[in-house]
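What follows is one structure encoded as structure tokens, with my remarks underneath.
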Amino acid sequence: MVKKIGVLTSGGDAPGMNAAIRGVVRAALSAGLDVFGIEDGYLGLYENRMKKLDRYSVSDMINRGGTFLGSARFPEFRDPEVRKVALKNMHERGIDGLVVIGGDGSYAGADLLTKEGGIHCVGLPGTIDNDVAGTDYTIGFFTALETVVEAIDRLRDTSSSHQRISIVEVMGRYCGDLTLAAAIAGGCEFIAIPEVEFKRDDLVAEIKAGIAKGKKHAIVAITEKLDDIDSLAKYIEKETGRETRGTVLGHIQRGGAPVAYDRILASRMGAYAVDLLLQDHDYKKGGFCVGVQNEKMVHELISVCIAPENKKSKFKEDWYDTAKKLF
């Protein structure tokens with residue numbers, strides 16, 4: 001059984017990460033474990049920037065966005081020599097367990113620490129993209145969804161006033177879940193996501209069909225990286241004759257106080273991660289990652305969840321079918 005654990009946040013930040021850290025710290029202290037907070041993810045682990053946390057370290061953190069430990073992208077962690085330094089830093093402090101909050105890249109780093117250094121690592125899915133396998137939802141997804149829907153509502157006000165077409169670019173990397181959920185909740189007329197082949201002419205045809213039915217304005221939700229938004233807006237305006245404007249929501253989607261569901265999910269996952277570390281699991285095959293499936297906490301080997309065939313969450317085809325029916 002572990003006696004000292006570390007906790008870090010890695011990669012892009014997500015609302016609810018502080019709640020997850022709090023869940024880990026409070027659950028670990030209740031079990032008599034020492035907890036170290038590692039600053040700025042794997043970079044801080046390499047630079048030996050760790051601090052012992054107590055109950056008061058996480059007081060008033062559950063409602064705060066971002067991550068008070070800080071986060072960073074640290075591609076140098078792929079270097080085995082860099083990982084050796086990180087492992088040395090943990091071993092010198094007697095840290096034998098680690099909770100990593102982040103996406104699949106963060107999971108990969110945790111798995112290597114387990115396989116190379118014997119550290120018992122558990123990953124928690126912290127990303128607004130909802131693109132991590134092994135879980136129905138990631139920490140931060142529902143807060144980002146609220147942010148996107150609020151933006152869509154505001155754009156609808158001005159689009160309807162000017163009989164304008166608005167294109168909204170939503171984060172998600174190579175996963176369309178955030179765009180899809182926002183399109184349904186925001187009543188978007190059209191949607192473009194990575195899981196479904198996107199062609200400009202098909203989108204224009206749908207918009208023209210809407211205009212023919214008397215539609216005077218429209219909202220198009222599109223996942224980032226699918227097209228250049230300004231160029232697409234000009235193309236739609238040229239083909240339809242309707243004024244068209246693009247809006248890139250950007251990093252505002254990552255900020256803000258986490259909504260209640262994200263706070264609950266993060267707290268449950270944090271406590272569950274500590275339970276895993278306290279149990280007699282076999283870590284010879286690597287670390288574990290936590291998920292929620294049908295509202296129940298589950299875990300799986302990290303190696304399974306980051307395997308190429310499982311590297312992202314399953315496409316919510318039923319959501320897409322629903323969205324299409326409502327256009």
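Note that Cβ sites are derived from N, Cα and C of the backbone, with glycine treated the same way.
Just so it is clear, the model here is predicted, and its values are computed rather than measured.
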Exercise. Gly6, Gly12, Gly172: which one does Swiss-Prot list with Arg73, Phe74, Gly103, Asp104, Gly105, Ser106 for the ATP site?
Worked result: Gly12
Problem set entry | Entries of Arg22, Val25, Arg73, Gly103, Asp104, Gly105 which, being binding-site residues, have CA atoms within 10 angstroms of Arg173 (substrate binding site) | none
Exercise. What binding-site residues in the list Gly12, Arg22, Ser59, Gly103, Gly105, His217 lie within 10 angstroms of Arg254 (substrate binding site), counting C-alpha atoms?
Worked result: Gly12
Problem set entry | Collapsed DSSP category at Arg254 (substrate binding site) | helix
Exercise. So for Gly103 (ATP binding site), how many other CB atoms are inside 10 Å of its CB?
Worked result: 23
